[in-house]
Amino acid sequence: MFQTLYSYFWWERLWLPANLTWADLEDRDGRVYAKASDLYITLPLAFLFLVVRHLFETYVATPLAGLLNVKEKVRLKATPNAVLEKFYAATSKHPKQADVEMLSKKSGCSVRQVERWFRRRRNQDRPSLLKKFREASWRFTFYLIAFIAGMAVIVDKPWFYDLREVWKGYPIQSMLPSQYWYYMIELSFYWSLLFSIASDVKRKDFKEQIIHHVATIILISFSWFANYIRAGTLIMALHDSSDYLLESAKMFNYAGWRNTCNNIFIVFAAVFIITRLVILPFWIMHCTVFYPLELYPAFFGYYFFNFMMVVLQSLHIFWAYLIIRMAQKFITGKVVEDERSDREETDNSEEEEEVAKNGPLSNGHPVLNNNHRKTD
């Protein structure tokens with residue numbers, strides 16, 4: 001049964017155009033072609049990336065955070081309460097008003113104390129500023145190096161300037177050593193992101209991030225199997241061109257360098273929109289959709305590759321919407337924040353209690369009202 005499934009999976013009509021077989025892509029006369037077995041190395045490399053990341057975050061990112069004066073917010077911890085903790089862990093982190101009143105009776109706390117407890121408990125689970133900075137530093141370093149390496153791999157190739165060269169002679173296109181390592185490193189990195197996504201900072205687009213990582217891994221792997229390497233290197237370099245800008249903006253944001261963060265964000269937004277919403281769909285996807293049909297009839301691999309490209313493009317449109325929202329806040333003078341992040345909750349109820357007892361506060365002390373009328 002396994003052999004039958006294996007045969008169906010590697011059926012040549014799924015991966016290659018008509019009248020071509022895997023025998024046409026066997027190494028000969030000094031020409032080397034991509035093979036599925038080449039990708040086995042990416043899994044151990046992915047775990048190596050996780051080790052390197054840990055060392056980087058410990059010995060590079062953490063001292064860098066200290067130099068940039070990345071400060072943690074002081075968070076008030078929720079007092080231990082078995083009843084509230086059980087509800088928090090098993091039922092909901094955001095109890096409804098009826099649940100709050102029920103928990104108030106069970107725990108012996110007032111409604112306001114229960115609400116405050118849940119706010120503090122949620123804040124405890126939120127990632128620290130240092131954790132966010134370390135993650136951003138790691139991704140910034142990789143994306144910057146990957147972008148420079150990617151440009152070095154493709155900038156001297158004819159298909160970088162003429163997209164019709166991407167398909168010249170396809171699929172009989174031999175692989176270069178630089179293309180091999182570019183693919184292996186990029187794919188290994190995205191495997192490592194998928195492996196660590198459960199422990200990384202969770203944002204509002206958590207599901208979209210998983211879809212993105214899976215789609216990227218499938219696209220990179222498929223383009224390797226089907227020898228879409230020239231198109232693949234262009235797509236990877238295009239994606240890396242804006243990612244390092246976003247991560248650097250995050251780093252400066254966490255360090256409190258607002259002006260620097262905002263300026264980098266403007267550059268990132270421009271690069272993202274140009275590369276993901278203009279160059280990718282109107283140049284690269286045009287190249288992968290129309291040019292191959294001039295050489296051979298459409299086959300399953302052609303449809304599958306372009307379908308996955310549409311999935312990625314849909315995610316780009318979703319993220320572009322978030323970026324535009326952030327840009328609008330910047331233009332109107334509001335603080336630019338990551339729309340995907342949860343905001344820190346404050347103990348407003350405590351301040352309200354103090355105001356009710358003592359009047360408005362200034363630095364923790366009551367503010368005297370000196371605006372008395374003459375008749376008072």
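Using N, Cα and C of the backbone, Cβ positions are placed for all residues, glycine too.
As a summary of secondary structure, the DNA-binding region (69-129) carries 36 helix, 0 strand, 25 coil according to DSSP. Residues or ranges marked as DNA-binding region by TrEMBL: 69-129.
Per TrEMBL, the feature compositional bias 'Acidic residues' maps to 344-354.
Per TrEMBL, the feature domain 'TLC' maps to 131-332.
Per TrEMBL, transmembrane segment is recorded for 39-56 (among others).
The transmembrane segment annotation in TrEMBL covers 140-160 (among others). Residues 56, 166, 168, 178-179, 182, 185-186, 189, 230, 233-234, 236-237, 240-241, 243-244, 247-248, 250-251 of the same chain, all 6+ positions outside the transmembrane segment (140-160), place their C-beta atoms under 8 angstroms from a C-beta of that stretch.
What TrEMBL lists as transmembrane segment is 210-229 (among others). Sequence-distant neighbours of the transmembrane segment (210-229) (same chain, 6+ residues past either end, Cβ-Cβ under 8 Å): 15-16, 25, 33-34, 36, 38-39, 170-171, 173, 175, 179, 183, 186-187, 190-191, 193-194, 197, 235-236, 288, 301, 304-305, 308-309, 311-312, 315.
Look at TrEMBL and you will find 264-284 (among others) tagged as transmembrane segment.
Here TrEMBL flags 304-324 (among others) as transmembrane segment.
Beyond its flanks by at least six residues, the transmembrane segment (264-284) meets 163, 231, 234-235, 238-239, 241-242, 245-246, 248-249, 252, 313, 316-317, 319-320, 323-324, 326-327, 330, 336 of its own chain at Cβ-Cβ distances under 8 Å.
For the domain 'TLC' (131-332), the mean pLDDT of the prediction comes to 91.
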